[in-house]
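J.: First the structure, which I've put down as structure tokens, then a few questions once you've had a look.
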Ligand SMILES: O=C(O)[C@H](O)[C@@H](O)[C@H](O)[C@H](O)COP(=O)(O)O
Ligand code: SF4
């Protein structure tokens, strides 16, 4: 950790930060030595042989070729997750040329170092492909390393937004932590059918009250154009994190795509990357920049905005790549002192465009700094500490990019509140513990009267089994659905977001329902109390495999417990239920991921295939 913690920082935030630094000292020390050594070698391009270098610029135009062959200018590596499948990534198709132009104007060059795969969790939700989703994060990290392994770059810019893509890019980038790194967002699609309206139509469809035509119309009005989906799920939580951790330009996250301001921000991001290389005087390697304070700022931002539960996995895995050891206790202890400042779907009716218009990231950062909950003395791509991130970008009269101080007052108290009068005094996520081990629950999306649920277990070994029981009308009364063998080793830890409509229907009919699973949920999941990421998972000897239909379970998000109310001597005699996982290990490419299922770690260590 670069420097001492000022007294203006909240005591708990300071204490958690310090204990992370102590816990991580050896691993972080080894990591910093590694990137310092990599930096010493200077711009790697100069160290490559002639043939190696010639291959790298063979296809360039004459001016880029001359620059790369002789010029002193920096070469920017672009790692892109462009594809047409993700509405959020489709705008990236045109970004490389914008970035090349900016790099040339800055006296250097830019090349697409490589592409990384990007899965749209919306397309695979509820389908077999979702069982590759979490693993795709680590595939993206591996692909990032392949791209940057050409070692002809002095800095890197990353084009990635959605769920597993930003975490995977960060993990890969940190293997090249000696390089300055800037993340370039593309922004949210404009607002369509409100997310809560969409969710209502889904429940009506689940009940057979509307047909597929009405459902398709609602979905198409909701997801209607280029840009990130407008709910506050994992993708938009990624944008929040990139900004609060200083990897975006200030205020860049939620400007809509295909606008002059968005293009100006993309150009400015490339210019910043060119200015931060070791060839100049403002060298900021990403591996040094992402220190304990930066990750604590990311976790505080997660809690303050009611961000995605997936980040209890991703932030742990990202930090490990920088030699920083995070635990779920760090998340839990920071949640206790972080006010919830945002109500954005699924935590409310607003979407991210409303959030941005009400004051957005600049307001959130201003409020959390003034409340002592963020570290200001951090490095950022903008240069200097976090104070600059209370600003927002704008186009000046001459069309150039400028920045102004963001609003000091929320533009909509129903969406965004100050730290002095938050929606709740603690963060949006809570850790649970009990006989099943540990789990995560997003409290910010659940009505207070549903924070404690005690009901008999109904056990399922797949989301399809639960959906079939719902269709057959056999899900009656109060129950806690235990959907197990959905952990990383079992089947890649899919999101079980398709269970929300049927469980939501039963909840709206007045039943007390909840979900307990070793799988995940979407960041867009809300409303139904869900204890997820149960660790250890069923396929790894976890006690969740001992539960039987009818066992009384108590999920208590107030005192942070997940209890199985079975006599201890009966519980001790239980044998784990068997499960046939073979159908999940073949088809849609899953047969290629056996090594991932064998190597993947536990949810509370980031569910990563990389050694922690
Ligand atoms: O973690 C997340 O935020 C989700 O994976 C998100 O990326 C996914 O796209 C939604 O699940 C789609 O939402 P619907 O399935 O409700 O359209
Ligand atoms: S937010 Fe989800 S559904 Fe939307 S583009 Fe990204 S991955 Fe796909």
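Note that Cβ sites are derived from N, Cα and C of the backbone, with glycine treated the same way.
A quick note: this is a predicted structure, and the numbers were derived from the prediction, not measured.
Copied straight from TrEMBL:
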DOMAIN    75-386  domain 'Dihydroxy-acid/6-phosphogluconate dehydratase N-terminal'
BINDING   162, 229  [4Fe-4S] cluster binding site
DOMAIN    415-607  domain 'Dihydroxy-acid/6-phosphogluconate dehydratase C-terminal'
J.: For residue 229 ([4Fe-4S] cluster binding site), write down the residues of its own chain that are at least 6 apart in sequence and whose Cβ falls under 8 Å from its Cβ; none is a fine answer.
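T.: Counting only residues 6 or more apart in sequence, the Cβ neighbours of residue 229 ([4Fe-4S] cluster binding site) under 8 Å are 87, 88, 122, 188, 189, 222, 223, 235, 236, 524.
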J.: Might you list, by sequence position, any residue in that chain lying six or more from residue 162 ([4Fe-4S] cluster binding site) with a Cβ less than 8 Å away from its Cβ?
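T.: Those within reach of residue 162 ([4Fe-4S] cluster binding site), by Cβ under 8 Å and sequence separation of 6 or more, are 81, 86, 88, 89, 118, 119, 120, 121, 228, 234, 235, 238.
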J.: Could you check what DSSP calls residue 229 ([4Fe-4S] cluster binding site) once collapsed to helix, strand or coil?
T.: coil
J.: Does DSSP give residue 162 ([4Fe-4S] cluster binding site) helix, strand or coil?
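T.: DSSP call for residue 162 ([4Fe-4S] cluster binding site): coil, neither helix nor strand.
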J.: Limited to the domain 'Dihydroxy-acid/6-phosphogluconate dehydratase C-terminal' (415-607), I'd like the whole-number average of pLDDT.
T.: 97
